[in-house]
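Participant: The structure's right below; bear with me while I get my questions together.
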Amino acid sequence: MFKSLAAVLPRASKAKFLQKNYASTLAFIESSKDGSVSRSSLSLLAAAQKLSNPITAVITGSKAEKTAEALKSSYSCSNLEKLVIFEDSKLDTCLPEQLTPLLVKLLKGGDYSHFVVSNSSVGKSVLPRVGALLDVQPVCEVTVIKDPKTFIRPIYAGNIISTIECQAEKKLLIIRASAFPPIAEGSMDSVTIEKRTDIPPCDLNVTWVKTILTKSERPELTSAQNVVTGGRALKDKETFEKLLSPLADVLHAAIGATRASVDNGLCDNSLQIGQTGKVVAPNLYIAIGVSGAVQHLAGMKDSKVIVAINNDPDAPIFNVADYGLQGDLYKIVPELTEKLGKYK
């Protein structure tokens, strides 16, 4: 086919160069209401670093430039090379119908081998749409990145750990933020910021009506360092609040709940932890009156220290707990709250 080895080498060298150039990652960064970088996005960048590719981060919304500057001046991500910002207030709501055309345009216009989002409500809404338009099957809830094409994720409520080798030209990943520590603090003077305004129109007739925010001084559930969770055993809404709130106040903790608690009207469904709720991995997780259904364990078993309080010695929650207190939670929890308050 080739007349000489000299003819082969230049072509091989060029092919290698093109392949290396193509290995790059696009990461979607979310910001908080004040323009700071969301904690899940900091973990997302930590995961993206494990792909060992140059990283381009895209930031949208009216505070995109503020978020970009905060990321550049306050954190360190070794592979991050460029921040692409689309500063427009119409993107503040993060409607997937508006974000999807923009992200698809970026992916088609750049040589990206990977596109990563966090497992936030925005990420979970956007990536399936992007995948459909690119005809690529996303890999969801990635907890381990072994190499640029091999990923590990839990399935069947965490009972099976699946290893996936993705052969797609563009790999779309939803990263479980709780599985990766956030990037370290520092600064990135060499990172460039590119401002763009070429936002493609949304073909769908979708309008954001209003935002209803639940005001709370407690930490956000998915990023809290300590979580206190109540189960079905708490019986009613008043008991749920009366027992859990003082303990959560002492520990500066977020409050969570099982699906049974939510279904029984003990609390709002925004507190639900588990397979059909939120996934948390705090430093301390206290389960009060939680039996330990498989679906609930899927959302909290990666917690660093798990404390279970239950009067049933055979409750499944004790199988994953680091510390267990068997007894009447109506006596144990107030006493624990009082002693922790004195220690504080």
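Residue numbering: from 1, along the chain as shown.
Just so you know, glycine gets a Cβ as well, placed from its N, Cα and C.
So Swiss-Prot has the following annotated:
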BINDING   284-312  FAD binding site
Participant: What does DSSP say about HIS296 (FAD binding site): helix, strand or coil?
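Facilitator: Going by the DSSP assignment, HIS296 (FAD binding site) falls within a helical segment, counted as helix.
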Participant: Excluding near sequence neighbours, so keeping only residues 6 or more apart in the same chain, what lies with its CB under 8 A of MET300 (FAD binding site)?
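Facilitator: Counting only residues 6 or more apart in sequence, the Cβ neighbours of MET300 (FAD binding site) under 8 Å are VAL227, THR229, GLY256, ILE273, GLY274, VAL279, VAL280, ALA281, TYR285, ALA287, ILE306.
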Participant: Given a separation of at least six residues and a C-beta threshold under 8 Å, show me what packs close to ASP312 (FAD binding site) in the same chain.
Facilitator: SER291, GLN326
Participant: I need the most crowded of these binding-site residues: HIS296, LYS304. Count other C-beta atoms within 10 angstroms of each C-beta and give me the top one.
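Facilitator: Of the binding-site residues HIS296, LYS304, the highest Cβ count within 10 Å belongs to HIS296.
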Participant: Which one of these binding-site residues, LEU284, ILE288, ALA308, has the sparsest Cβ neighbourhood, judged by other Cβ atoms within 10 angstroms?
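Facilitator: Each of the binding-site residues LEU284, ILE288, ALA308 was scored; lowest Cβ tally within 10 Å is LEU284.
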Participant: Can you count the other CB atoms that lie within 10 A of the CB of GLY292 (FAD binding site)?
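Facilitator: So the Cβ neighbour count for GLY292 (FAD binding site) comes to 22.
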